[in-house]
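Student: The domain 'EF-hand' feature in TrEMBL is assigned to 25-60, 95-130.
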Amino acid sequence: MAPKKAKKKSAEGANSNVFSIFEQSQIQEFKEAFTIMDQNRDGFIDKNDLRDTFAALGRLNVKQEEIDEMLKEASGPVNFTVFLTMFGEKLKGADPEETILNAFKVFDPEGKGVLRKDFITEMLTTQADRFTPEEMEQMFAAFPPDVAGNLDYKNLVHIITHGEEKDQE
């Protein structure tokens with residue numbers, strides 16, 4: 001019994017630094033999301049929890065393979081620490097908000113905070129890691145330009161880095 005306990009302790013130690021990656025408010029938001037997804041309230045997210053979560057979001061025909069692939073990303077049973085670690089790993093490669101904003105500001109010398117849809121489309125489909133037409137369609141479906149054809153890149157960057165829209169004050 002002792003070796004199993006020691007192994008568990010070292011596994012927790014490996015994940016304990018994940019709590020230092022996020023601010024307390026972010027951890028609380030992840031905890032709320034975890035609680036919503038843990039439909040049976042057993043402290044773990046399993047196949048049934050994922051299926052029920054998708055159903056609650058209106059997605060009823062999720063393939064079992066898709067759910068299995070999602071769970072394979074975890075190092076073991078998905079408790080809150082594993083859940084948080086998975087998000088930490090996903091976000092590790094993400095650039096900070098300021099870096100992404102500065103990339104957009106290069107194309108916005110007047111500092112208006114918006115860029116023309118046709119200009120963004122040209123840049124993203126002809127430069128560096130080029131977007132496909134499908135990717136452009138997805139982006140503009142998720143972040144539609146205003147009636148004048150401008151994309152609010154400051155809000156876009158905020159959503160990319162924080163996962164929610166800025167409060168309009």
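Note that Cβ sites are derived from N, Cα and C of the backbone, with glycine treated the same way.
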Student: I need to check the long-range neighbours of the domain 'EF-hand' (25-60): which residues 6 or more away from its ends have a CB within less than 8 Å of a CB in the stretch?
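Tutor: Same-chain contacts beyond the ends: 19, 67-68, 70-71, 77-80, 83-84, 87.
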Student: With Cβ-Cβ distances below 8 Å as the criterion, list the same-chain residues six or more beyond the ends of the domain 'EF-hand' (95-130) that contact it, or say none.
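Tutor: For the domain 'EF-hand' (95-130), the nonlocal Cβ contacts are 136, 139-140, 145-146, 149-154, 157-158, 160-162.
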Student: Across the domain 'EF-hand' (95-130), what is the average pLDDT of the model, as a whole number?
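Tutor: That stretch averages a pLDDT of 88.
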